[in-house]
Amino acid sequence: MKRPYNFSAGPAALPQEVLEQAAAEMLDWHGSGMSVMEMSHRGREFMSIRDQAETDLRELLDVPSHYHVLFMQGGGIAENAIVPLNLSRGGTVDFVVTGGWSAKSYKEAKRYCRARVAASSEADGYTRIPAQWQLSERPSYVHVCTNETIHGVEFQELPDLKALGCDAPLVIDCSSHIASRPIDWSRVGLAFAGAQKNIGPAGLTLVIVREDLVGHALEICPSAFDYKTVAENHSMYNTPPTYAIYTAGLVFQWLKRQGGVAEMERRARAKAELLYGYIDASGWYVNKVDPTCRSRMNVPFFLPDDRLNEAFLAGAKERGLLQLKGHKSVGGMRASIYNAMPLEGVQALVDYMREFAARHG
Ligand code: PMP
């Protein structure tokens with residue numbers, strides 16, 4: 001079955017093989033007589049699914065053994081509160097604001113800790129990563145969003161806080177590019193990611209946290225969100241999002257079959273070069289982000305006249321190119337080209353963009 005190309009920012013397209021496998025196993029998982037949705041989370045069957053998912057994720061992302069992998073709920077937005085509840089220890093937390101998501105993280109953290117902005121590119125319309133950071137004397141941690149899904153800004157390399165004279169752990173919101181490039185764990189204290197872009201369905205949040213950062217939650221932290229409680233109970237303190245964990249596990253196995261994160265990075269580079277290359281060469285479409293920090297996952301672009309937007313979207317839909325409308329805070333278009341988007345999908349988009357520009361230019 002040939003499906004349309006889905007450019008949604010999230011929940012986003014999943015590999016077709018994964019959907020087909022989930023469909024085939026829907027009524028009877030591996031002879032158990034049950035759907036994964038119907039299993040006890042503490043039963044032998046589901047425990048094996050969970051353990052395999054964690055093992056595969058650790059292998060894919062090369063997660064060191066002194067980091068916990070937690071399967072949580074609440075998404076990135078809940079982590080904006082859960083992280084300061086666990087890591088702020090009554091101190092100051094620094095935020096580097098590079099787009100809508102890190103701005104939101106800062107705003108939410110203010111409810112739980114002394115949060116301050118160490119650097120911001122708001123004045124530049126979030127089109128670059130600020131060069132100068134004014135870090136606090138001793139922040140409890142430093143937060144960055146390594147891929148800004150809305151503004152299309154991505155750190156090409158993780159910040160090295162030690163080189164900036166800062167001992168604090170780095171917290172990264174990597175929701176929208178996890179598993180599309182390796183993570184240098186020597187620079188990261190905690191990484192979190194909502195699953196619904198590159199990992200699986202909505203409902204699962206991954207938290208990967210260095211052991212020594214766990215066990216310092218504020219008194220008011222809900223038990224279900226205390227990383228120590230979650231870690232000690234192997235993400236089973238409350239009922240975890242079992243079906244989402246299962247589906248993410250199928251995605252991890254698909255990733256391994258494809259050649260892992262290194263191969264995803266190679267493909268992401270090729271897809272991004274194709275799309276940005278065409279946008280820049282077109283002289284008609286525009287992406288405003290500084291080329292040194294353009295996202296390989298989320299590509300916002302504008303037509304020369306907003307009055308053409310509806311016609312562009314309608315024509316795209318006719319050709320099986322779905323969900324290209326930009327985020328309401330930015331306008332224009334946005335193509336999200338996560339791991340599950342093949343190069344052919346990006347080529348189909350570029351072909352359509354060229355045709356549309358020729359007709360309306
Ligand atoms: N952070 C980033 C980078 C995101 O892209 C999103 C969702 N688009 C979120 C946080 C919030 O995720 P959720 O809606 O799952 O809470």
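Heads up, residue numbers simply count up from 1 along the chain you see.
Just so it is clear, glycine is given a Cβ too, placed from its N, Cα and C backbone atoms.
Automatic, uncurated: that is what TrEMBL annotation is.
Summarising the annotation, TrEMBL assigns L-glutamate binding site to Arg42. Classification of Arg42 (L-glutamate binding site) by DSSP places it in coil, neither helical nor stranded.
According to TrEMBL, the pyridoxal 5'-phosphate binding site annotation covers Trp101, Thr149, Asp173, Gln196, Asn238, Thr239. A helical conformation is recorded for Trp101 (pyridoxal 5'-phosphate binding site) in the three-state DSSP classification. Within 10 Å of the C-beta atom of Trp101 (pyridoxal 5'-phosphate binding site) sit 24 other C-beta atoms, taking all shown protein chains into account.
TrEMBL lists 5-349 with the feature domain 'Aminotransferase class V'.
Using a 10 Å radius centred on the Cβ of Lys197 (N6-(pyridoxal phosphate)lysine) and all shown protein chains, the other Cβ atoms total 30. For the recorded site, Lys197 (N6-(pyridoxal phosphate)lysine), the DSSP three-state label reads coil. Residues or ranges marked as N6-(pyridoxal phosphate)lysine in TrEMBL: Lys197.
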>> Among residues Trp101, Thr149, Asp173, Gln196, Asn238, Thr239 annotated as binding pyridoxal 5'-phosphate, what is the maximum Cα-Cα distance? Answer in Å.
In response: 30
> Across all protein chains in the structure, which of the binding-site residues Thr149, Asn238, Thr239 has the highest Cβ count within 10 Å?
Replying inline: Thr149
> What's the most sparsely packed of the binding-site residues Arg42, Asp173, Gln196, counting other C-beta atoms within 10 A?
Replying inline: Arg42
> Just the number: how many Å between the Cα atoms of Lys197 (N6-(pyridoxal phosphate)lysine) and Asn238 (pyridoxal 5'-phosphate binding site)?
Replying inline: 24
> Trp101, Thr149, Thr239: which of these binding-site residues put a Cβ within less than 6 Å of any ligand 1 atom?
Replying inline: Trp101, Thr149
>> Rounded to a whole angstrom, what is the C-alpha distance between Asn238 (pyridoxal 5'-phosphate binding site) and Arg42 (L-glutamate binding site)?
In response: 11
